């Protein structure tokens, strides 16, 4: 599998595979966010349960299946852990203070803007002017969706302003971890080594914090199921986007991932029977159109 991935990297086949991986990551990320924010548990408890499951599933693979990271690249893993913890902490604080439908589009709207700039600086990627137009469409749709939902929301209004500030910071961390992890997965000969160690090393922090704060919950059935489902979804979401950034453009993959907001709305529409309405439909169409322009105007 590793030889095949290395062979298609930078080819048309690799570009097509990266496209589908980024779209898969978008859908799974919307599902992951809903699992962490929704349900009967607060975002911190939900993420802790997911992290326990992620560690339990990834540690045996990292330690006994894939090759270990080379010694000269351990600093990449150390930086990865620090960046990922900061992102997770900001994300949890954002979800705890603001309505999900308001803060999530802000996180996803600021993330690709910072990522495109970062990919240009680190990887020398250059967007065409039509692609920048696509970025503008997608960002306008995301921020418009947040503003529309803000006008409708009735919960968490007292903490909404600080939540929006945290959402912007979380978007910045999305860009930082996307760029850092793209560099890391490209630096290692075997991409599955990076993925396995990524999941193992970034999944122990929240459980330790919960234990230290005396917030550790007894593993009841519903929480265990949430952790297992969330862990599997996390493998697909984060694994897909990181593999996409190894195969092709980091900036384009980041933009395509932000169609997760469209998938989140569709999940709410089809599964939760939430009303969409013409305004939200127009805004979601802007997001999707922006992603299409970025993909095909390159």
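For all residues, glycine too, the Cβ spot is worked out from N, Cα and C.
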Which one of 83-101, 254-272 shows up in TrEMBL as transmembrane segment? 254-272
Of the ranges 54-74, 222-242, the one TrEMBL annotates as transmembrane segment is 222-242
With DSSP, how much of the domain 'EamA' (164-294) is helix, how much strand and how much coil, in residues? 107 helix, 0 strand, 24 coil
If you count Cβ pairs under 8 Å, which stretch among 17-36, 160-180, 222-242, 254-272 touches the transmembrane segment (192-210) the most? 222-242
Count, for each of 17-36, 102-123, 129-148, 222-242, the Cβ pairs lying under 8 Å from the transmembrane segment (160-180), and report the range with the highest count. 102-123
